[in-house]
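First comes the structure, then the notes that go with it.
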Amino acid sequence: MPVFGLAALKLNWEALSTPKFRVTFAQWVCSLLMWSLMASYSKHGEFKFVVVFGLVMWGLASTYLVYQLLNGPPLAPIVEFWANVAAGSLAFICLVLASATCNRAVGEPQTKVCSGELKPKASAAFAFLLLCAYGGLAYLSWRTWRNPPTIASYALHDDPEFAQPLHSSHK
């Protein structure tokens with residue numbers, strides 16, 4: 001009888017214990033909090049960029065986490081490295097935009113855009129944590145790129161007979 005639904009999926013539960021998965025999950029949480037805290041502040045264009053960037057990165061992280069859990073083949077480390085460097089650069093821009101906009105004076109010289117508002121400041125803090133997460137992911141990808149694992153460390157098949165030596169004593 002065929003199996004349908006979630007039981008038919010072969011999830012890679014070992015992926016949960018890898019540092020890359022954990023840092024990607026932290027990146028997922030930080031991007032979720034960054035855009036959701038800033039979503040109600042649409043009167044400033046800089047805040048709109050933070051929301052859009054956070055939404056895009058949250059969606060990509062969600063997709064990548066599911067990809068890892070569903071036994072997707074690993075991406076090339078050089079691709080991961082440069083993607084994380086680019087995303088980290090955009091996270092730095094979000095951090096600068098959110099911080100500078102919150103600190104900008106409006107009206108009276110003493111009144112700041114975010115005076116009395118905690119959500120944009122918290123969003124800037126999560127943008128910093130997101131930047132740190134992308135730095136960690138870039139480091140992990142760079143380390144894999146520069147020191148690739150040996151071919152023997154890859155499990156090519158789950159079949160124990162396939163793992164037998166090529167030469168045999170059977171005649």
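Backbone N, Cα and C atoms are what each Cβ position is placed from, and that goes for glycine too.
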K48 / A76 share membrane side in Swiss-Prot: no
Confidence summary for the topological domain 'Extracellular' (43-48), mean pLDDT rounded: 72
Among 23-42, 49-69, 122-142, stretch most in contact with the transmembrane segment (78-98) (C-beta, under 8 angstroms): 122-142
Non-local residues, at least 6 beyond the ends, that sit with Cβ under 8 Å of the topological domain 'Cytoplasmic' (70-77): 9-12, 141-142, 144-145, 148
